[in-house]
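Heads up: the structure comes next, in structure tokens.
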């Protein structure tokens with residue numbers, strides 16, 4: 001005769017009653033049980049009734065699974081003492097043909113601590129139909145939760161350490177783990193975040209440090225697959241610092257020298273038309289020294305704002321690479337963040353500090369240029385159409401110059417207006433919400449990684465269209481695409497939004513940058529202004 005036993009539900013609760021059953025049938029589905037073992041298992045199973053199993057099942061604590069275990073033996077001769085039991089009808093005390101599904105069970109509070117260990121043991125393996133697959137064999141093919149972070153995948157976290165992480169670091173009060181996956185030398189935990197993300201991350205970080213010191217690094221992120229919170233733990237020794245073929249200070253110095261030259265050249269129109277004449281007339285570069293100093297001062301204040309706030313927030317910045325430009329003297333500086341930022345608010349403060357400082361100084365110098373007469377009595381002669389290139393500057397020019405600003409009538413202004421305008425434009429371009437520019441970091445810190453990536457794509461498309469009419473836009477598309485495209489390195493805790501006051505400052509930077517770059521569309525005519533009034 002043949003005997004078959006079907007169990008529906010999670011087999012792990014049986015471990016509380018009979019280790020022999022677990023070891024022979026329920027936990028290792030990769031090999032069938034022997035005849036003797038099966039008979040022994042069936043006899044033990046008869047001792048447990050479905051109502052007894054209700055005391056150990058906790059369906060609300062773990063994911064419901066159905067595992068069907070079948071085992072068949074031929075010509076099993078029952079013992080005489082069991083004849084009556086074998087003849088008993090299905091569902092009676094003598095035979096257990098089916099165990100109720102976990103969804104129908106009632107949990108008992110006293111069994112919860114025991115069940116937690118069983119749940120963690122179940123989560124330690126990835127389940128698949130027909131067998132068990134070790135965690136190390138699972139391949140993660142989804143989008144990377146840690147983009148832009150270089151990891152050494154030769155390291156692996158031991159299974160004993162993973163168990164300690166699940167049982168003693170994570171928990172009900174912080175992040176309740178429901179499943180885990182390997183991730184580039186570390187482990188990615190999925191589960192339910194409890195309470196505020198910032199407080200939970202602080203607790204998890206302290207527990208991790210208590211158990212392992214500085215051996216591991218914890219990230220609390222948003223899963224790019226389903227936008228749900230996840231935790232990633234990686235060994236710190238896998239976080240490889242970026243290296244460059246040329247020392248930073250040497251490359252930054254070379255870029256800085258070229259930038260000084262372009263800043264001087266930009267303020268000497270005689271040399272711009274014939275660059276080779278610089279060799280024969282190097283003294284002409286001194287004519288561009290005042291304008292170069294003003295623009296460089298605005299750039300320096302911009303970088304100083306980054307440095308001061310970064311030091312206060314514990315963020316390490318690399319050597320700034322000033323990017324030269326034939327059109328406006330410089331495109332600003334590329335500053336690399338050398339360590340992992342703790343939270344989005346810190347990134348927002350550092351990213352917004354530079355443009356706010358640069359805009360503030362540039363705006364003050366621009367107003368002084370409009371109010372102060374030229375030192376030589378002549379100043380710089382410009383056509384009023386030049387003020388159509390910026391909505392902010394054009395509005396101020398019309399407001400402060402009044403009827404003196406008319407279409408077709410050249411006007412004399414203090415050259416400080418042009419020098420300060422160049423500084424404002426450099427700050428505005430760096431405030432574009434794209435890649436790793438200041439504006440890109442601001443948009444990431446305010447709205448998160450997914451939204452900032454959309455801003456980056458939209459900005460590159462708009463700059464590409466603008467490059468058909470403006471060569472500055474073309475150079476910025478190239479610069480962003482090859483040097484500043486990103487992605488931004490992951491932050492330790494990316495879930496918590498910044499405080500409102502910092503969000504307002506970040507939005508202010510983006511708006512100011514937009515106002516500087518957008519054109520002024522209203523013609524400079526008295527009748528037009530009268531009609532608006």
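Cβ atoms are placed via backbone N, Cα and C, with glycine included.
In TrEMBL, annotation is done automatically, which means it is predicted and not curated.
Annotated region 'Disordered' per TrEMBL: 73-113, in sequence order. Marked as transmembrane segment by TrEMBL: 249-268, 289-309, 315-335, 347-372, 455-482, 502-522. Among the features that TrEMBL reports, domain 'Peptidase M50' is placed at 292-460.
The listed stretches are 289-309, 315-335, 455-482; of these, 315-335 has the most Cβ pairs under 8 Å to the transmembrane segment (249-268). Relative to the transmembrane segment (455-482), the listed stretch 315-335 leads the set 289-309, 315-335, 347-372, 502-522 in CB pairs under 8 A. Same-chain residues lying 6 or more positions outside the transmembrane segment (347-372) and placing a CB less than 8 Å from one of its CB atoms are 294, 297-299, 301-306, 308-310, 313, 315, 317, 337, 341, 393, 396-397, 400-401, 413-421, 423-424, 426-427, 430-431, 438-439, 441-442, 444-446, 488, 491, 498, 502-503, 505-506, 508-509, 512-513. Looking only at the domain 'Peptidase M50' (292-460), the predicted model's pLDDT averages out at 91.
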